Every structure is written in C-alpha cells, then in structure tokens.
Number of protein chains: 2
Amino acid sequence: MHSFELDKKDVQKVKAALAEGQDAIETLLRDYHPSEIAILFEGLEKEEREVIINLLDSAQASEVLSEMAEETHPEELLLNLDPEKRTGIVEELDYDDATDLISQLDKEEQNEILDELNEEDASHIRSLLNYPEDTAGGLMNTRVIKIPAVLYKKDAIDEIIRQSEDMEEFYTVYVVDQKDIFQGIVSLKDIIKSRPEARIADLVVKDAVFVHHDTDQEEVARLISQYNLSSIPVVDQHMKLLGRVTFDDVIDVLEEENTEDILKISGVSEDEELSGNWKEAVKSRLPWLVINLGTAFLASSVVRYFEPTIARIAVLSAYMTIIAGMGGNAATQALAVTVRRISLYDLTDNQAYRTVLKEFTVGLINGAVTGLIVFLFALFFDMNTMLGVVIFLAMTGNLIIAGVTGAGIPLVLKRVGIDPAIASSIIITTFTDVFGFLFLLGLASQLLL
Amino acid sequence: MHSFELDKKDVQKVKAALAEGQDAIETLLRDYHPSEIAILFEGLEKEEREVIINLLDSAQASEVLSEMAEETHPEELLLNLDPEKRTGIVEELDYDDATDLISQLDKEEQNEILDELNEEDASHIRSLLNYPEDTAGGLMNTRVIKIPAVLYKKDAIDEIIRQSEDMEEFYTVYVVDQKDIFQGIVSLKDIIKSRPEARIADLVVKDAVFVHHDTDQEEVARLISQYNLSSIPVVDQHMKLLGRVTFDDVIDVLEEENTEDILKISGVSEDEELSGNWKEAVKSRLPWLVINLGTAFLASSVVRYFEPTIARIAVLSAYMTIIAGMGGNAATQALAVTVRRISLYDLTDNQAYRTVLKEFTVGLINGAVTGLIVFLFALFFDMNTMLGVVIFLAMTGNLIIAGVTGAGIPLVLKRVGIDPAIASSIIITTFTDVFGFLFLLGLASQLLL
C-alpha cells in the first residue's frame, strides 16, 4: 500500500466525472478515502470542491474538511455551504477539529455557524475557541472516555461502550471522581482481565502523565514522544479533566515546529505561511534582509579600509569572494548540525564545550585542505607563492571562525534562554565575512605590499 | 507536568547517592521513570551507568536501554553486563527494540548475546536483523495481537487477554486466517459491543491500511500520519502478517527525516551523526566544501574578467560583497520555504509555476527596497549617482535571480525525481554569486568607465 499522492490522472478523472454529472462523480468518489479526497482537492478549483462536498454525506464531508491542507482553506468551503448541510457537518466533526476550522473565520462568521448548532456542541466549541492555538487547550479534544472510580467492572464496561458510541477510536479510559477531578488512567484490557467484582478504583494507574490546558504545544509533543503515549489527558488548575490530546495532533505539531526551525535558520520569519502570497513573503523576509544589509555594510567597511591594497593587487577581489563564500557555507554546516542537536537533546556544559572544540578541529582541517587547493591554484595560475600563502592562511583562519561561531553562538543563545535557531545563517555569515576579509586583506597588506 | 530535561541538580543528586552506596541510589531511583533515567544517563560516566543498570530489575533496565539516546551507546552498556543479567534484560525488551540495540554491535558480539537467549526470542530477533533499518521490516515489532477470523466473541476476548499478557499496550487487534494471512482489523471495543454469538469474521474491517516489509520508512510515516493510525500492520509478499509499526516509532522517523532535511539544505551529508566526532564531520562536510570551492572559482572567474574595472574603481569590491551576500541570503530564504513546502505537500504544475512567479515578485520588491538603501548610501557616502544606479540595478537583478533559482531549482529537481533538499544553499549561492558579480561589474564597465 502506498500513501496517496496528488496525481494529475486522479484529478483529471475527477474533473471528467464532474463534467459527466452527479452519478459519475458519486460512483468515482466511492473509490477514495476522505483523506484522499482532501488531497485531491489541492488540484481542484473552489467551485469543484463545493460540488463534491455537497455530494458527500455529513460524516465523509466532515472527515474531508478536517484533513484538508490549511492552504486550501477548508473553513471557507464550510462557510459557503448551505446552513443545514453545514450544521450536519459540524456536528459530525470532533470538537477540536471543528474549533480549528471555525477559529480561522472572523467573529461574525463564527457566530453565524455556531448559532445554528445545538446548544451542547456550540458551548463546547465556544469554550475551546478561548484557548490559544499553541497550547494543550488549543490542541485538545473534549470528547474523552471518562468513568467514575467508584464503578464496578460490569457498569464500567457498559459505560465505556455507551460513551464510545460516537467516537471513532479511543486508546485510554480516564478515571475521575464525582466532581470530574482526574484520578488516573485505566486500560480497557485491564478492566476486561479483572475479576467480576473488581472496582475501577482498584485498577486505576495513578501516576499517569497529564498536562494543564495552558501547557505549550511543544511541551505536549515532547511528553507524548518521551513517554510513548497515544494520548495525554488535559486538566485545569483544579485538576478537573478537560479533554485529551492525541498522538496524531502531536505529529502535526512536530511537522510545524520543524518547519519553523528550518525557516528561522534560513532567515525567514517563523510565521510565514509556506503557501502565502508575495505580500506575506515580503513582510516576513524583508526585515531579515535589512538586518543582513546592516551586517553586510560592516563587512564591506573592512574591504573599504583596505581599498588601497585592492587597487594595487586587484586579483585579491577574486580571492575575497572565495574566502567569504567558503566561510559562509562552512558556518552554515556547523550551525545546522548544532541547532538540530540542541533541539533534539539537552547538552551539558561539558558537551557544549566539546562541541565547540570539535568544530574548531573540523574548521582547521577543512580550512587547511581547501586552503591548500587554492594555494596551488595561486601558485600555478597566478605564479605567486606569497599570494598563495596569504590565501592558505586566510582560508584556514576563516573556516576555524566559521566552525567556532556556527556551533558556539547557538549554544550560548540556548544557555541564556534565547531560541538558538535565531542564530540564522544571516548572523553567522557576518562573522565569516568580516574575519575572512580581515585575514585575507590584512595579511596581504603585510606580506604582499 | 513538565517533560523531563537533563538537569545538573538531578545529575549531582545521583552522583552523591552513588558515592553514598547501594541503598541511597536504590531509594533515589524510585523517583524516576525509566525514560527519565535514560536522560539522566547523558550526564553520567560509563561506569556510573553500569552501576545503575545493575541495580534496576530487568523490566526497568530494558526500558531504560530502549529509551537511551544513540549517542550514549546503550548497546555497549548491554554488552558489558554479565551474561545472566543481560539475557534477562533482552527477554524483557520488545523484539524491535532488542533488534535495534543488537544491530549496533558487530557479528561476533551479536552472536554472543543471541546464543544465550531462548530459541524463540533468538529466532525472532535474528529474522528482524535481516530487514534493512529504514524499512517497515526494520521498524516493526513482531509482537502483535492476532486472532483467527473464525473465533466467536467469547473465545476471541479470551485469546486477546492471553496474548496481551506480556504487552504493555496495544491499540488494534489484527485478524488472520488459518495460515496467518492478514484479513483486516477489529477494535476491542467493537468485539465487546457485539452480540454474544457474533463471530470475528462478521466484525472485521477489511479495507485496513497495511504495508509490506520492504516499504520505505518515510512511506510508513506518511501513511500513519495521513490516516491518523496508532499502528499499521506489516505483511510479506503473500500477505502473511509479520508485525506492526506503532506511532511512536513513526515520531522518531519524522524527527530523523527532519534532521536530514535541515542538514542537506545546509550542505551536510545526511549521514553525519549529530554527536559524531571531528573525523566523521570532516568526512561528511569536506566533499561539499570542495564542490563549493569549484563553484566559487566559477564566481571568482567573473571577478577576474573584470579585474581592470576593479583596479580603476576599487570601491566596487566593497559593494561586490554586499550584492553577493544579500543574494545568497535571499536565495536561502526562498530555498527553505520551497523545500519545506515540497516535503509537506505535493504541488501541481500550476502551483509550481505560481510559486516561481511569487518568488520573482518577492525578489523584485525586496531587491528594489534594499537596492534603494544602498543607492542612497552610494549617493551620500561615495557622492556618485551613477555608481548608485549600477548598485540598485545589480541588487534588484540579483535578488530576482535568488528568488527564481531558490524556488525553481528544488521544484525542477522534484519533477525529475531527485531529492529537492540536495539543492543546498551551496548550489543556489553559486547562481547569486555569478549573477551578482556579472550584474554589478558588467554594468559598472558599461556605465562608469
């Protein structure tokens, strides 16, 4: 079995069926899982999506909407449906998914949808809308299986079956007291295995991992990953059980966090939507480029200082680009390895120290090897041994700076509590530019003039 | 509840207890979850880890070993235990975790451990050692709950309870025929809810998602994430059920793949271990730096071509560094956004075309804005309007090149079936260096001499 990928052939089949009429498209859609239809939607026009959503039953339509990529704007599709259809779909959605969709709309549109719902669903969703998106409360689903600790085996099983009626899947049963205060967890397996006269209170695992509603989503993801949990209970400040976050939400969070890391290290604001338009992209990237321009002026002031040297030995400007470019790339290498390492593991002071030392050694060796190549080039092409020596030394020195700053700066940032990924390549390459020019032009002024 | 992080205070407490003696350390360890002990190990010496592992019972020790970070080398810790203790621990491990550990050892050491095990465990692990690490077979656990489709409700539940005796958790029950051929899945909930005379064959969900043992791990991760599965069955070519891959293994795969993406885009070999020593780092990065050196010679040959111009207007070399540096960073921005977008979504031809168009626009605007700043600098600092115009045009042109190549090259690579992350910043910055110098020095030769 292969994961479903957007394929032109599938899209064309759907478009052909749409042209043919309702029967054709209904027959065709039977071959696709809702999460596959959600992917197909990426290849279809807005109007085509509307036709298809209207042909699906509420259960299928709700699954499609909850699986659609953000960039295909499922919330707009939902908003444009006629009210009755829409209410049916929202009632089928899990509360967390419904909240995610509705939160993308403005207040007025939110109320338009919520006012049509039954009171219970509406109040569940309204309360979820209050939690910030990136907290456990914003991620959680309020539909859980929860049973009172006082129940006996038989009643507990009946209660679990009753509660699981409208749930697709559940992994763990949560145990509460009379006031809904979280007591612990119990597995369905342990209930079934127990003696007939067993009470839930005897079976409950009390030191279960849980989070508060305001716990940051990264923390929730780390806990689920660290303790291999399929779901984690969410409680309020009085330990009242509010809901649960499941592993599939956490997989989404991890993808999101990884996107942020890769963007920040490349000097892109973490908020830039990957599929955003050019206006958003300019807003997200221009500030970084202006910062970069400031640091570039700094590096170019070094070059200006040595202008007389360059005027006399113009070929230095050709080597300048090589030394600076190599330094920038070596720094990016050290930066990527270090930032990723920090985000996966915690490093002790000793490990941090050894990391910088390692990058010093790597810079020394890579600098010497590539410096030697450029030395030989200067020797045979420019017929100038001393020029070669200057370049060799500048390259080696700059690659050492690259390694030490590429690893050292994110480690220092982490130590003082700043996100290390902010040490983007833009910041790091300033060091390698400035030092690269200083080494090359400074040595040239001393040794070649 | 907070996720457990390595804390000097915890490490010191453990070291103090170790110095005090066996009772003190045993008392202290009771406060920690095995996955927390695994993290504590990162702050301890090899000998201290050995003392602690020997004090834990087999169940706890096996959990600690399976949660230890690769860089702390759990397999060596296992190897150094006395044979009896070691056998007890391996027997407690899930087969997939045992295989992961043992696969890190050389053949002789593997046999030393496997020969001590009971025949069943040894043969399970030996067969798992044959699957490549990055396939479903390499990820799977052979311990599953599987029941024949012919069973009636009562016998099925008894069988599930029997099989789940030595399993910590299970999420789905797999259904097979008499020859172990995979038939589908059934949830424990549905079995319990069914009438007493129900047969499993009536309850089984037949179109369950499954994978073959040789399916790539990225594909397994995508399926689990796409269909929100807590586990996925693994079958051989005859549809015989071999095992299952669970969501927690997939979370690890996602972290791994994301590390590879961030490394490749930064010009680091995907195989470099984050905590590897300097020799591994040199081996992984030097080849990329040599490639970069080749492309840097290309860029510097443009500069050489214009050497007479630079000799006459030496200040151009100061602006060269600005234009090239800005181009490189703008290209890295466009590259990061595009590579990440490709790895999360599939883009149609139309979307790919619009992405390049968007980056053209972003480059035009960011280039014009930053170009204007540098123009003003040239005007007021160097008092040279025409120089300012040349720089403005070169900056704008180069940031357009940056956007178009940063987005276009990974999209083209993806289209022809090459991993788009290979379009690392090293490749992309060659374009911005070459075109930046061409624009700046070419225009200067025409307009300023």
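Cβ atoms are placed via backbone N, Cα and C, with glycine included.
Feature annotations, reproduced from TrEMBL:
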- A:140-203: domain 'CBS' (DOMAIN)
- A:204-260: domain 'CBS' (DOMAIN)
- A:286-306: transmembrane segment (TRANSMEM)
- A:318-339: transmembrane segment (TRANSMEM)
- A:360-381: transmembrane segment (TRANSMEM)
- A:387-413: transmembrane segment (TRANSMEM)
- A:425-448: transmembrane segment (TRANSMEM)
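Outside the transmembrane segment (A:425-448), and at least 6 residues removed from its termini, the chain residues within Cβ reach (under 8 Å) are 265-267, 288, 291-292, 295-296, 298-299, 302-303, 305-306, 309-310, 313, 316, 319-320, 323-324, 327-328, 330-332, 335, 386-387, 389-391, 393-394, 397-398, 401-402, 405-406, 409. For the transmembrane segment (A:286-306), the list of distant contacts is 267-269, 320, 324, 424, 426-427, 429-430, 433-434, 437-438, 441-442, 444-445: same-chain residues at least six beyond its ends, Cβ to Cβ under 8 Å.
Counting residues of the domain 'CBS' (A:204-260) by DSSP class, helix then strand then coil, yields 24 helix, 16 strand, 17 coil. Across the domain 'CBS' (A:140-203), DSSP classifies residues as 24 helix, 16 strand, 24 coil.
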